[in-house]
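Here is what TrEMBL says about this protein:
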- 8-408: domain 'PTS EIIC type-3' (DOMAIN)
- 31-51: transmembrane segment (TRANSMEM)
- 63-89: transmembrane segment (TRANSMEM)
- 101-119: transmembrane segment (TRANSMEM)
- 139-157: transmembrane segment (TRANSMEM)
- 178-198: transmembrane segment (TRANSMEM)
- 210-232: transmembrane segment (TRANSMEM)
- 239-259: transmembrane segment (TRANSMEM)
- 279-304: transmembrane segment (TRANSMEM)
- 343-365: transmembrane segment (TRANSMEM)
- 386-408: transmembrane segment (TRANSMEM)
Amino acid sequence: MNTFIKKLESFITPVANWLSNNKIIQSISKGLMITMPIIMVGAIASVFQNIPITGYQHFVTTTYFGTILTTIVNITTNMLAVYVVAAISYTYAGTFKLDQFVCALLALMGFFIVTPLTVSGKGIAAVTNIPLSWLGAKGLFTAMIIAIATTLIYLLIVKKNLVIKMPDSVPPFVSKSFAAIIPGFATVLVFGIVAFLFSITPYKDMHDAIYSLIQVPLSHVGTSVWAAALIYLLSGLCWFFGIHGIAVISVVMPIWIGADVANASALSAGKVAPNIITYNWINAVSSPGGSGATIGLIILATFFAKSERYRSLGKLAIVPSLFNINEPVVFGLPMVLNAIMAIPFILTPVINVFLGYILTVAKILPVSNGVGSMGMPILMNSFLCGGWKLMVFQIFTIFLSLAIYYPFFKILDNREVAEEQK
């Protein structure tokens with residue numbers, strides 16, 4: 001058994017450490033988290049657009065309130081890629097100690113250069129438009145690529161010392177403006193060439209190519225129940241070896257958040273939400289109480305432990321666990337290299353994902369409406385994401401977690417009682 005654990009650790013630890021220390025992956029993850037308030041505002045507006053009450057719907061469609069809701073959805077959910085490109089470039093530039101604000105502006109410029117324009121009318125009546133179709137969920141992967149590429153262009157120019165330098169007597173904000181001129185020209189040149197090259201392909205623009213060749217295939221894989229189960233299995237293994245499980249989840253976070261945005265956009269347009277596996281849905285379904293779905297374990301420790309150690313640990317961990325923060329129990333029990341608790345800790349979230357998926361496919365549970373649930377306490381996060389049905393299912397997963405953890409916890413608790421009686 002020890003030999004197997006050592007071999008498993010030798011394989012997982014380097015991979016998890018690479019993911020944790022990879023600047024690109026972490027910058028994308030942090031950048032997406034920055035945009036969470038925008039995602040949540042848009043999703044809530046979408047929910048208010050589609051409350052299925054006849055009188056309410058008449059009020060929405062016949063008053064300015066409906067226009068306000070549509071505007072909110074358009075400038076949040078349907079323009080998310082614009083915010084994402086700036087946020088990711090900002091966070092990525094920070095890892096190199098570059099001018100973050102300038103990098104974000106240049107990334108926005110690069111994004112709009114590769115975004116196709118439409119022209120309506122002729123002559124002086126002609127109007128140039130930027131279609132929303134590529135500014136929302138469909139443009140997310142292009143936004144990520146542009147954000148990373150722009151920051152690397154800026155970094156290369158700074159390393160080559162090709163920036164315009166002003167005398168020390170010049171105010172800093174003026175010096176920064178001049179220092180950004182050459183990177184700005186380089187950004188225009190690079191993405192202008194990129195836009196031209198894509199225009200002579202069958203896809204006609206970078207957005208369509210990235211969406212068709214990368215985003216759609218990855219979304220099909222990343223939003224499958226098997227991928228979700230594998231991600232949570234690997235995340236649990238990472239925790240077992242003392243590595244934060246978010247290192248694994250951050251890899252698919254862009255896909256899952258994109259799926260949430262796609263659901264919110266579909267609901268706003270009066271269509272059926274297309275995705276079951278999304279970031280907010282998986283948070284509500286898989287792990288009530290935090291990684292490993294430890295809320296059941298914490299309830300056992302708080303109210304049913306016979307040992308003083310675990311009863312005290314439960315009282316310490318119970319309140320944070322309501323907000324899905326379970327580091328007190330993960331490191332206080334501990335879960336790290338704990339062979340007894342590894343089985344329920346790793347398998348409980350996976351079981352929850354499969355159960356939730358099956359019930360959603362059977363149309364017993366609703367799909368995610370796209371409303372962000374990060375930071376929300378349990379029950380509230382599930383209610384916001386999928387209404388009372390998803391909240392009831394989360395209550396069920398809490399009792400399921402309690403049942404799964406019970407025999408394993410009793411082993412530890414009995415051992416601790418014996419130790420305390422010595």
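All positions are counted from 1 along the displayed chain.
Cβ atoms here come from the backbone N, Cα and C positions, even for glycine.
Curation does not apply to TrEMBL; its annotations are automatic.
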When you look at the transmembrane segment (343-365) alongside the transmembrane segment (210-232), do they share 3+ Cβ pairs under 8 Å, ignoring any pair fewer than 6 residues apart in sequence?
yes
Stretch among 63-89, 101-119, 139-157, 279-304, 343-365 sharing the most Cβ pairs under 8 Å with the transmembrane segment (178-198)
101-119
Can you check how the pLDDT averages out over the domain 'PTS EIIC type-3' (8-408)?
87
